[in-house]
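Student: Relevant sequence annotations retrieved from Swiss-Prot are reproduced here:
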type	residues	note
BINDING	Gly10, Gly11, Gly12, His13, Ala14, Gly15, Val122, Ser177, Gln366	FAD binding site
BINDING	269-283	NAD(+) binding site
Amino acid sequence: MLKYDVIVIGGGHAGVEAAAASARLGASTLLITLKPENLGEMSCNPAIGGIAKGTLVKEIDALDGLMGYVIDQGGIHYKMLNETRGPAVWGPRAQADRKLYKKAMCQILTNYPNLDILYGKVEDIEIKSSKVEAVILNNDSKILCQKIILTTGTFLSGLIHIGQKKIPAGRVDEEPSYGLSNTLKKVGFKIARLKTGTPPRIDGRTIDYSKTALQPGDKTPRPFSELTSVVNVPQINCFITKTTSETHDIIRENLNKSAMYSGQIEGIGPRYCPSIEDKIVRFSTKSEHRIFLEPEGLDDYTIYPNGISTSLPEDVQHKLIKTIPGLENVKVLRPGYAIEYDYVDPREISVTLETKKIAGLYFAGQINGTTGYEEAAGQGIIAGINAALAVKDQAPFMLTRANSYIGVMIDDLTTFGTIEPYRMFTSRSEYRLSLRADNADLRLTELGINIGVVSEKRKKIFTKKCEDIEKTKLLLNTLSLTTSKLAKMGIQVAQDGTYKTVLDLFKIPSFNVEQAIKIFPMLKEMQNNNILQLLYIEAKYASYLTRQHADINLFQSEEAQLIPKNIDYFKIPSISLEIQEKLSSHKPTTIGVARRISGITPAAITAIIIYLKTKYSDGSST
């Protein structure tokens with residue numbers, strides 16, 4: 001009988017990262033997915049990254065994950081979002097050629113050390129004494145294992161809706177999984193329904209682009225991965241159009257036919273990625289909504305109209321599309337649809353992503369209530385790392401709110417749960433100025449090296465970058481001019497007769513990297529390696545970063561204050577019954593987690609700390 005250390009069920013964005021991370025740590029790993037085409041499949045929009053999401057991709061890359069490198073092999077339209085705003089909210093994004101992305105992912109995984117891939121369907125999980133033992137395939141064969149990672153996406157009791165039509169499916173033309181859903185229910189997991197949707201696909205050859213606005217990408221694509229020196233994929237343009245009052249009228253007239261508004265769907269959809277029906281109802285005063293026409297590939301005429309996700313009947317979809325400028329004569333290749341699926345309350349998992357009920361069972365991706373490729377991949381890499389570390393009886397790997405967006409996401413999910421699809425935003429992070437896309441490797445790669453999940457190749461690249469940063473910093477502290485000379489160049493500085501280094505100049509609000517290069521031309525050769533930009537940001541926001549680091553230190557001290565598993569909150573007399581019940585239900589593991597629970601007062605936190613000091617003065621936390 002076959003036996004593996006770790007089995008990953010599902011080959012989507014969470015699954016591939018989980019499998020690869022587990023394999024990198026030396027665990028014998030099996031990835032089970034329905035068919036080869038599912039590896040890295042982009043079920044919805046053909047793009048990676050965006051605001052906050054781009055930072056997640058960079059963090060995955062920092063831990064030697066796949067997503068950043070793979071998009072660099074298939075990215076056809078790179079754009080830094082929010083670049084006119086502060087660096088804390090910059091969002092690297094790349095449009096993908098679906099075929100190139102999947103091809104690159106498949107090539108990497110099929111040659112990955114310690115990783116086998118099985119194309120088949122898992123029907124059930126064998127559990128004994130609250131611990132995983134094996135997976136059971138739909139042909140009744142059994143594969144033994146120590147750990148299982150479930151990355152089922154929208155396949156758990158998946159149901160597609162197009163108008164009044166219902167189609168049991170995990171994705172178009174793919175069967176859902178009922179066996180796994182039933183098993184999770186039997187075990188006692190809290191299961192609910194969520195919904196997501198996708199727009200119709202249209203034929204780019206039938207679009208009148210003269211009625212649309214051009215959306216060019218960045219002149220020079222900035223790679224996602226530290227392993228990529230330059231993006232060699234041809235770059236293309238996207239286009240923008242918009243809905244009209246006629247579009248809105250058609251949608252309003254047919255709302256009763258929408259699966260969303262007829263009461264047919266019980267699952268809650270993503271708040272920040274609403275269907276076009278939702279937009280018309282929720283933002284009724286808006287006369288138009290933008291639609292981004294995104295090509296799905298270099299040699300593919302399919303266009304993804306980002307912004308009109310819908311579950312209206314096919315005939316209504318055809319009507320509303322014809323009212324959009326440039327799409328009057330467009331051919332619809334595939335209708336849009338909504339899909340409803342099961343998910344598990346993420347408070348059922350710990351920060352390692354292992355379930356609390358079943359030892360050795362991990363969840364990652366949409367099963368935890370998230371939406372988005374990047375959110376799924378971020379969970380996948382953490383689940384894969386922790387499953388492999390557990391096999392080797394090593395300490396778990398936990399990211400926190402203080403060092404990563406991945407940590408913020410996992411903390412949000414495991415502390416608060418979610419009743420709607422969770423999407424990452426910069427606003428969710430209290431330390432976003434410190435947790436930027438440009439410094440993800442400096443925050444996380446060394447942590448990855450310490451546990452052995454980072455390859456030698458990446459380790460060498462990272463070590464050299466750190467050395468180059470120190471050399472560049474030294475140079476920027478050496479290059480200087482007098483204040484009088486700077487004034488003659490039109491740079492406003494206090495005339496105190498001192499010398500100002502480049503790092504000093506970077507702190508001037510109106511001063512930028514381009515000016516520094518103009519004054520010191522030798523800096524131009526450093527412009528392309530991103531180090532100059534990194535040091536510019538660090539200098540520009542030095543005072544803010546210093547304050548934020550103090551906040552982070554306070555946060556970390558509270559995270560280090562463990563709360564014993566056997567604590568009885570009802571024995572702490574100075575806190576209310578409501579708070580005692582809330583703490584008993586949430587079971588926070590640290591003072592930091594307890595503080596973040598809604599309704600827990602500062603006075604209650606103080607009472608807990610005092611109680612711990614008196615009751616557990618010996619340092620016991622069992």
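Backbone N, Cα and C atoms are what each Cβ position is placed from, and that goes for glycine too.
Keep in mind that what you see is a predicted model, and the values were worked out from it rather than measured.
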Student: Per DSSP, to which secondary structure element type does Phe283 (NAD(+) binding site) belong, with helix, strand and coil as the options?
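Tutor: Its secondary structure by DSSP: coil.
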Student: Could you tell me which three-state DSSP class Gln366 (FAD binding site) falls into?
Tutor: helix
Student: Would you mind pulling the longest C-alpha to C-alpha span across Gly10, Gly11, Gly12, His13, Ala14, Gly15, Val122, Ser177, Gln366, which the record has binding FAD, in angstrom?
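Tutor: Answer in Å: the longest Cα-Cα distance is 18.
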Student: On a simple 10 Å Cβ count over all chains shown, which one of the binding-site residues Gly10, Gly12 is most densely packed?
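Tutor: Counting Cβ neighbours within 10 Å, the top one is Gly10.
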Student: Per residue, counting other C-beta atoms within 10 angstroms of the C-beta, which of the binding-site residues Ala14, Val122, Ser275, Phe283 reaches the highest number?
Tutor: Ala14
Student: What's the number of neighbouring CB atoms sitting within 10 A of the CB on Gln366 (FAD binding site)?
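Tutor: Result for Gln366 (FAD binding site): 30 other Cβ atoms within 10 Å.
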Student: Counting Cβ neighbours within 10 Å across all chains shown, tell me which of the binding-site residues Arg271, Lys279 comes out on top.
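Tutor: The largest 10 Å Cβ neighbour count belongs to Lys279.
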Student: To the nearest whole angstrom, state the Cα distance for the pair Glu277 (NAD(+) binding site) and Ala14 (FAD binding site).
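Tutor: On Cα coordinates alone, these residues lie 29 Å apart.
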Student: Could you find out if DSSP has Cys273 (NAD(+) binding site) as helix, strand or coil?
Tutor: coil
Student: Which chain-mates of Gly269 (NAD(+) binding site) that are at least 6 residues away have a CB under 8 A from its CB, listed by sequence?
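Tutor: Residues satisfying the criterion: Leu194, Lys195, Thr196, Gly197, Met260, Ser275, Asp278, Ala338, Glu420, Pro421.
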Student: Determine, using Cα-Cα distances only, which of these binding-site residues is closest to Gly10 (FAD binding site): Arg271, Lys279, Phe283.
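Tutor: Closest by Cα distance to Gly10 (FAD binding site) among the binding-site residues Arg271, Lys279, Phe283: Arg271.
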Student: So, three-state DSSP: helix, strand or coil for Gly10 (FAD binding site)?
Tutor: coil
Student: What is the total of other Cβ atoms whose distance to the Cβ of Cys273 (NAD(+) binding site) is within 10 Å?
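Tutor: Taking all protein chains shown, Cys273 (NAD(+) binding site) has 18 Cβ neighbours within 10 Å.
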Student: Can you check which residues sit near Val281 (NAD(+) binding site), meaning Cβ under 8 Å from its Cβ, same chain, 6 or more apart in sequence, and list them in order?
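Tutor: Counting only residues 6 or more apart in sequence, the Cβ neighbours of Val281 (NAD(+) binding site) under 8 Å are Leu255, Tyr261.
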Student: Among the binding-site residues listed here (Arg271, Lys279, Phe283), which has the Cα closest to the Cα of Val122 (FAD binding site)?
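Tutor: The smallest Cα gap between Val122 (FAD binding site) and any of the binding-site residues is with Arg271.
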Student: Hey, how far is Gln366 (FAD binding site) from Cys273 (NAD(+) binding site), Cα to Cα, in Å?
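Tutor: The separation of the Cα atoms works out to 15 Å.
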